[in-house]
Amino acid sequence: MQRTMLKSKLHRVHVTHSELDYEGSCAIDEALLEAADIKEYQQIDIYNVNNGERFTTYAIRAERNSGIISVNGAAARKASPGDLLIIATYASYTEAELAQFKPQLVYVDADNRIKNQRQHIPVQAA
């Protein structure tokens, strides 16, 4: 049996650009792609914290250390500059692979610079 698990997450990145006429996808600062182990052209799910939109697209590379998060093409109608996004990828793992499984979680500041990286989400308490 395989289980689909959260593989990587960019948590609360800020949209810097929204380009309706650009060829689709989401451009992401190359340093963030590497930190989260997201490959160029990999499928990503985007969750817009500001308006609740959830959509799927693919990642493309933006200039390293630029802080760019640009939502492009038709998806530009789902996010505006300044919106907070969660960008996630998922992968399927066998039970044996799950023994070594750890997601790559990347947390950023207001300028989309890495401030913290973890491999677990803290337990939610009452």
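Positions of Cβ are set from backbone N, Cα and C atoms, glycine also.
According to Swiss-Prot, the features are:
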type	residues	note
ACT_SITE	Ser25	active site, schiff-base intermediate with substrate
ACT_SITE	Tyr58	active site, proton donor
BINDING	Thr57, Gly73, Ala74, Ala75	substrate binding site
MOD_RES	Ser25	pyruvic acid (Ser)
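Positions of the features from Swiss-Prot, shown on the structure.
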residue : record                                               : DSSP (3 states)
Ser25   : active site, schiff-base intermediate with substrate : coil
Thr57   : substrate binding site                               : strand
Gly73   : substrate binding site                               : helix
Neighbourhood of Thr57 (substrate binding site) by C-beta distance under 8 A, where only residues 6 or more apart in the same chain count:
Gly24, Ser25, Cys26, Gln43, Ile44, Ile46, Val71, Gly73, Ala75
Give the sequence-ordered set of same-chain residues, not counting Thr57, Gly73, Ala74, Ala75, with Cβ within 8 Å of the centre of the Cβ atoms defining the substrate site.
Gly24, Ser25, Cys26, Phe55, Val71, Asn72, Ala76, Arg77, Lys78
In sequence order, which residues at least six apart in the same chain have a CB under 8 Å from the CB of the residue listed as 'active site, proton donor'?
Gly24, Ser25, Cys26, Tyr41, Gln42, Gln43, Ile44
Looking at the binding-site residues Ala74, Ala75, which one has the fewest other Cβ atoms within 10 Å of its own Cβ?
Ala74
